[in-house]
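Novice: This is the structure I have questions about; it appears just below.
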Amino acid sequence: MSLKSSIVRTATQATPQALADRAEGLASTRRSPAQLAFRRFTRNRMAVAGTALLVLLLAISFLLPLFVDLQPYQVNLTSSRVPPGPGHLLGTDLSGRDVFARMVYGGRVSMGIGLAAGLIAVVLGALIGAVSGAFGGWVDMIIMRVADAFLSFPQTVVVIVIAGIFGPSLPLLILVLGLFQWPGAARIVRSVVLTMTQREFVQASRGAGAGQAWLIRKHLLPAALSQIVVVFTLSVAICILQEAGLSFLGLGVQAPLPSWGNMLHDAQSITVISSMPWLWVPPGVAVAVTVFCVNFLGDGLRDAADPKARG
């Protein structure tokens, strides 16, 4: 009776779904880590959708002006405040400039600032975090206290002071945004490096006389690469939001150069908000959609890089 029950139980467990899962598990053992990560990423529908939409936004902002003659700076007071229509897809602003053209070029500026500032933050944070975790001791303590100090500074006040001393400057804006984002990247890389320094192959390399710089370059930073990529995407999203906020306050990108943030700044009067929504809805939606897409991409990359992630 027990033998019969065992046979029935085995037959019951061997469902098509169970067999498919077992076959998939066997097949996964023959895939490379990169293939497995890509498979996990493509199973995340929000990440795939966010990536596709982000690629579309980047293509419109950076490639469309190469094929279509857009005039974001052309002023025409006789056609100002025109609502969206065939001649002007998103209408015109108070100076008669085409809103769609300014949206496209503003996307270049806003996303370009986010990418550049995010890159500065991630490169600086990864190097500092790796040094902090690799050396430990008083070096680690000092670096972490400096990171805490950066996080405690009110960013808006710093931008106001810098703008007052040097004047509004796009390179300075990118540099300030990047400098205020590196502590987050440094903390994440530091935690990975602290774990890696306890591994046997790292200890063996140290025993063989390998220096800290060699270990950081050959072992520690490569081990944190997936986390660095994820932090980069999150830093880009934060920097895009911060640029929009600073430009809305008049402290970021200055006219006539368009950005989504200073387009919102130009549309902050009660009259515009109540009667001309085409001046503030497109840039507001563009900022929100871009940040969501970048965050979805970051979440997908994080799950794909995690060996325990499940689709």
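Just so it is clear, glycine is given a Cβ too, placed from its N, Cα and C backbone atoms.
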Novice: Out of 113-139, 140-166, which range is noted as transmembrane segment by TrEMBL?
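Specialist: From TrEMBL, the annotated transmembrane segment range turns out to be 113-139.
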Novice: Let me spell it out: take the transmembrane segment (277-298), skip the flanking residues so only those 6+ beyond its ends count, and list any with a Cβ under 8 Å from a Cβ in it.
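Specialist: Non-local partners: 46-47, 49-51, 53-54, 57, 83-84, 90-91, 93-94, 99, 103, 106-107, 110-111, 114, 230, 233-234, 236-237, 240-241, 244, 260-261, 263-264, 266-268.
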Novice: Please report, as numbers and ranges, the same-chain residues at least 6 past the borders of the transmembrane segment (113-139) whose CB is under 8 Å from any CB of it.
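Specialist: Contacts with the transmembrane segment (113-139): 147, 170, 173-175, 177-194, 196-197, 212, 215-216, 220-221, 224, 228, 231-233, 235-240, 243, 253, 259, 294.
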